[in-house]
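A.B. asks: One structure, pasted below without further comment.
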Amino acid sequence: MLLRRRNGPCPFPLLLLLLAHCICIWPASAARDRYARQNNRQRHQDIDRDRDRDRFLYRSSSAQNRQRGGANFALGLGANGVTIPTSLEDKNKNEFVKGKICIGTKSRLSVPSNKEHHYRNLRDRYTNCTYVDGNLKLTWLPNENLDLSFLDNIREVTGYILISHVDVKKVVFPKLQIIRGRTLFSLSVEEEKYALFVTYSKMYTLEIPDLRDVLNGQVGFHNNYNLCHMRTIQWSEIVSNGTDAYYNYDFTAPERECPKCHESCTHGCWGEGPKNCQKFSKLTCSPQCAGGRCYGPKPRECCHLFCAGGCTGPTQKDCIACKNFFDEAVSKEECPPMRKYNPTTYVLETNPEGKYAYGATCVKECPGHLLRDNGACVRSCPQDKMDKGGECVPCNGPCPKTCPGVTVLHAGNIDSFRNCTVIDGNIRILDQTFSGFQDVYANYTMGPRYIPLDPERREVFSTVKEITGYLNIEGTHPQFRNLSYFRNLETIHGRQLMESMFAALAIVKSSLYSLEMRNLKQISSGSVVIQHNRDLCYVSNIRWPAIQKEPEQKVWVNENLRADLCEKNGTICSDQCNEDGCWGAGTDQCLTCKNFNFNGTCIADCGYISNAYKFDNRTCKICHPECRTCNGAGADHCQECVHVRDGQHCVSECPKNKYNDRGVCRECHATCDGCTGPKDTIGIGACTTCNLAIINNDATVKRCLLKDDKCPDGYFWEYVHPQEQGSLKPLAGRAVCRKCHPLCELCTNYGYHEQVCSKCTHYKRREQCETECPADHYTDEEQRECFQRHPECNGCTGPGADDCKSCRNFKLFDANETGPYVNSTMFNCTSKCPLEMRHVNYQYTAIGPYCAASPPRSSKITANLDVNMIFIITGAVLVPTICILCVVTYICRQKQKAKKETVKMTMALSGCEDSEPLRPSNIGANLCKLRIVKDAELRKGGVLGMGAFGRVYKGVWVPEGENVKIPVAIKELLKSTGAESSEEFLREAYIMASEEHVNLLKLLAVCMSSQMMLITQLMPLGCLLDYVRNNRDKIGSKALLNWSTQIAKGMSYLEEKRLVHRDLAARNVLVQTPSLVKITDFGLAKLLSSDSNEYKAAGGKMPIKWLALECIRNRVFTSKSDVWAFGVTIWELLTFGQRPHENIPAKDIPDLIEVGLKLEQPEICSLDIYCTLLSCWHLDAAMRPTFKQLTTVFAEFARDPGRYLAIPGDKFTRLPAYTSQDEKDLIRKLAPTTDGSEAIAKPDDYLQPKAAPGPSHRTDCTDEMPKLNRYCKDPSNKNSSTGDDERDSSAREVGVGNLRLDLPVDEDDYLMPTCQPGPNNNNNMNNPNQNNMAAVGVAAGYMDLIGVPVSVDNPEYLLNAQTLGVGESPIPTQTIGIPVMGGPGTMEVKVPMPGSEPTSSDHEYYNDTQRELQPLHRNRNTETRV
């Protein structure tokens, strides 16, 4: 009708409708606008008035909500859920149908700033929601008329339900069936945790008629004024653990009288009417249901075990709710896997029915804000995986550094984000971030006080690219003007959203002027809320949907600085930005560019950039680095090159087979292998090298040849060594043609002999070439060869004696001729005339001597005269000469004899006669330096331990006149000790000062004040035994094998110095740094004699389980016995500090070792290392390896540690770090009284400041050194019991062969001394000289029982005979340290037994000074043994 009359006059009804609109609608709209403005002003007043109240903490949740209650700032909310489609048909009528999934909240009981807006948030969050993923909190609803119908569709809550301060009279959850209780609510004052908790509410009824199951947690009701019917509910039917509900009512007024349940209700009810009767599916079941659910009372009416809250039938499809997972109307224990095994093909294949586990639901695809990992929807990837396209995939190499988010950013946690790429969680910057605050723990105890955060420290976020949760900014500070430190942030995933307004990016009431997050490309989930920022510009012009992933994501940007004021202030986008807006001022802050984008900066044209080109209509890109100008991508589009051009490409340098010719690459000569020019030689402008080259005699290259060419005539082929460093270095590893020897025309190597020279330049003589034939040769010009002439010829024309030109001796003419002729050549040469021509004729000078048949005239007389003259002349010369020589010799000998007699007379008269002959030992002088320091230079700290004659302190050495502090350990000799202890003290200093090695504890100095002190390096990390026990999970194979190698190196050094340690164990190896260990305890080390390889001890405790059998039986100690102890020490390391033979008594060890007992193979130890350890435990000492061999073996192991030790997680083990700050703290503790201005120095750097730099294992020692086992107890307390692993004074029976001995053995398997004191021991102690001279009987002890003669225990005693009171002893006749008797007799050592010393105790086995210093006495009837 309206269409037919559209051109005619308006009908009357339409006029009335228009009038009604003018009268009613417009005033209503105006009133609504006025109400909105008034409400807005009221809201600002409420926010300002409630700023302090925002921090109000309810007593059960104060610690969890200290970040400011004003977080609930929302002014509006849009629902943000995940809809999961279902394939159920309507005819199934199954109640378990998932629809919309909503995210729960975590704000507990925090008070909202605006309760009306709080109600709107709840309404928008849960409208049409059927599945709450998290907690459902219904709080602070004081208006009893509020509509709660938005709760009608909720069927399942995965967390807990909290109802607090709700005044609505009736709260109804008509379809709620199950509360899973995966997260529970708890009051801090009580231990109970609740899945349903109702408190301080004035509602009359809480109606949940379909609630069937609470899988975890309890139910509680606390101080509810009017709530009825809750006490009638049979909670054991609902709560899975079967407990009853918790009720508490503390008000003075009595509880409200509640109406009775409907008559149709068999037990309890939720409210009035039959629909609120409690339903039962557990208490009414048959016993055959085994405590599960049922759908009837009969035995066969039990629900499936996967059902929760009851069922309608016996199968998995009949469940009302699922206990584990819901998969298309079927309850399952697990979701269908994404991959399944194919038994036919034996491979894993993709499962077409596979689904992901999301909460208690199986879904085909995970929600957009979650990640896929191993068939589950997760919020973050595990440590070894990274997010790639919404799926967790293994990292290719190191994973991007991921840091956990924080509830509030403050000065205490900001440094944890340094170098982070991904923040797994949320970032919140609040007012207290910049003002500081006092932390309060969940148990209401005071936490740390955080200082205000300097805004400059926020630069740590410059490396962050992703935030998996949300970013919340609510802080103000004068310097907090922008978010430029998030300039590299690319994605906010929003896997966790703020409870108010579902915000992923929320900036409220901040002091920001601009955002400047120029690289933010996407907000995957959640809304954008930017409100009440009075100085913030630019945000209103940003097109937020361009960076939001889903269209339903909301944006609230309002009540910031007005656009006209921003424009007035000039805080507007650049003219190069398009309508999408910008993050701040500048052309690099645009979301998109109006013209062109060049590396994130907007420009008007690509021509403004010299080395850029137009990639497309919107993008400029930089030219290739080798292009100075270009017209496209790649080095082949260059218009001008930066370096050189090779064909169509610009390159940084010419390829190997080309050279640079004024910016263009030209081909090298064909024979070159790389070049700088066109020539075919080697040098500038020629080849760099070539495969084959002809060289001159001066080793310069004449020209290059091709690889397959042959050397020309006159040259030979020669290989150039790869290490060549001379003029032929460019040809190293290649070949050259070297010129033959000048005497050789054709050759195969340099030389002129037949083996290398095939043709001579001039002549050949035998096997070598000659320039010309020698005089004793003749020349064959045709063959150009020299032949040897006849021996009797002087010049010849042939090889025979008849070819001579002249003779060496005599000519022999033909016998038929009557006489020689001057020009006759018919003769032979001979060395001796024949009998028939035995006469030599010298008459003809031109002919020379020749053989003749008859003598010449007067030849006989002439011959006789010549012989006589020779004898006369010879005799006349020789006889006088001999006589003169004899006379001179006699006179010299007489003078020498007189001079000796004069010297002897002079020495006798002057008293300088030396009757003692020299006995040179050929041993060099010990020139090691021993530094002496003053007592005032030392600052002692706490006691590290005690020994038999001293204490060990940690301390600091401050050298006088120098501004330096050195951490040291100070060993101080007690004043109560005697002279013998002082001697032993100095002997230890002598040994430690004489030996210097990187793996031996270094003696720094000695203090000779009233109390003698040794100053050594301070080992900050204690002994290696404790270190491996305390850091077992952090020690890898590399560290273990490095320590083993270092111990072997230190012991190899002692072996070279002929020192026997005697007590090598892990407890006597100290740790300076995690990479450096040092062997300690030289107090028991003994120097071997130069003519002996063993040392025999007469007393002292012995670590039985660390010693070789010969040590236990005969007390014989050698370097090979140290090898046995080394094997046990390495076994301790590989077992991380286990005790050897822990369950075997020490008294049984000798017998068991003799029958083949060995330590078992450690779990992490390979067979290679264990075989090495077994070689150290050979019963025959000669079969054991040396320490030099062990050093080589373990160094080889350390090069491939993973091959020889199998430690779980080896690659992830990291030893504890040791920082310079720890060093400074230690110095502050050790020397608190110093002014602190001194610099900290390493002991090695201080003592050797000019050492050449090089690799060194020395590091700073700045930590406290644990107690050394060597100094365990106060030696003055002789009755004390140690009670530890190092000592045990109880005696034990030890077996040696078939002999059983009752010997004292301590708990650490140390064999106690067996010698007993003589009856006059006390007197001898008071008079050592008398004791030394007296003969003391040998007491019956261990050494006597086994029949081994007692040996010299202290050879160094002979060095100090006067000190020890042996004044009458003859001077030793051998080297220092080698005890030798001065007469024909022998020597016997008689040692007193322990017990005669009143101060002796079990812990003195390291400092057994009385036994070690016993004087030696001579006995002519005994034999010397060393």
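Here the Cβ of each residue, glycine as well, is placed from N, Cα and C on the backbone.
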A.B. asks: Scan Asn816, Asn1042 for the residue that Swiss-Prot records as N-linked glycosylation site.
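C.D. replies: Annotation hit in Swiss-Prot: Asn816.
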A.B. asks: List only the single closest residue to Asn569 (N-linked glycosylation site), chosen from the glycosylation sites Asn128, Asn443, Asn482, Asn599, Asn617 by CA-CA distance.
C.D. replies: Asn482
A.B. asks: Determine the most Cβ-crowded residue among the glycosylation sites Asn443, Asn482, Asn599, using a 10 Å radius around each Cβ and all protein chains in the structure.
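C.D. replies: Highest number of other Cβ atoms within 10 Å: Asn482.
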A.B. asks: Helix, strand or coil for Asn569 (N-linked glycosylation site)? Use DSSP.
C.D. replies: helix
A.B. asks: Which one of the glycosylation sites (Asn419, Asn828) has its C-beta surrounded by the most other C-beta atoms within 10 angstroms?
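C.D. replies: Counting every other Cβ within 10 Å of each candidate, the maximum falls on Asn828.
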A.B. asks: What's the CA-CA gap between Asn241 (N-linked glycosylation site) and Asn482 (N-linked glycosylation site) in angstrom, rounded?
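C.D. replies: Between the alpha carbons of Asn241 (N-linked glycosylation site) and Asn482 (N-linked glycosylation site) there are 53 Å.
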A.B. asks: Spatially, and counting Cα to Cα, which of the glycosylation sites is closest to Asn128 (N-linked glycosylation site)? Options: Asn419, Asn482, Asn599, Asn617, Asn828.
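C.D. replies: Nearest listed residue in space: Asn482.
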A.B. asks: Looking at the glycosylation sites Asn443, Asn599, Asn617, Asn828, whose Cα is closest in space to that of Asn419 (N-linked glycosylation site)?
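C.D. replies: Comparing Cα positions, the candidate nearest Asn419 (N-linked glycosylation site) turns out to be Asn599.
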A.B. asks: For the glycosylation sites Asn241, Asn617, which Cβ has the most other Cβ atoms within 10 Å, all shown protein chains included?
C.D. replies: Asn241
A.B. asks: I'd like to confirm something. Which of the glycosylation sites, Asn443, Asn482, Asn599, Asn617, has a Cα closest to the Cα of Asn828 (N-linked glycosylation site)?
C.D. replies: Asn599
A.B. asks: Count the other Cβ atoms sitting within 10 Å of the Cβ of Asn569 (N-linked glycosylation site), across every protein chain shown.
C.D. replies: 12
A.B. asks: Spatially, and counting Cα to Cα, which of the glycosylation sites is closest to Asn617 (N-linked glycosylation site)? Options: Asn443, Asn482, Asn599.
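C.D. replies: Nearest candidate: Asn599.
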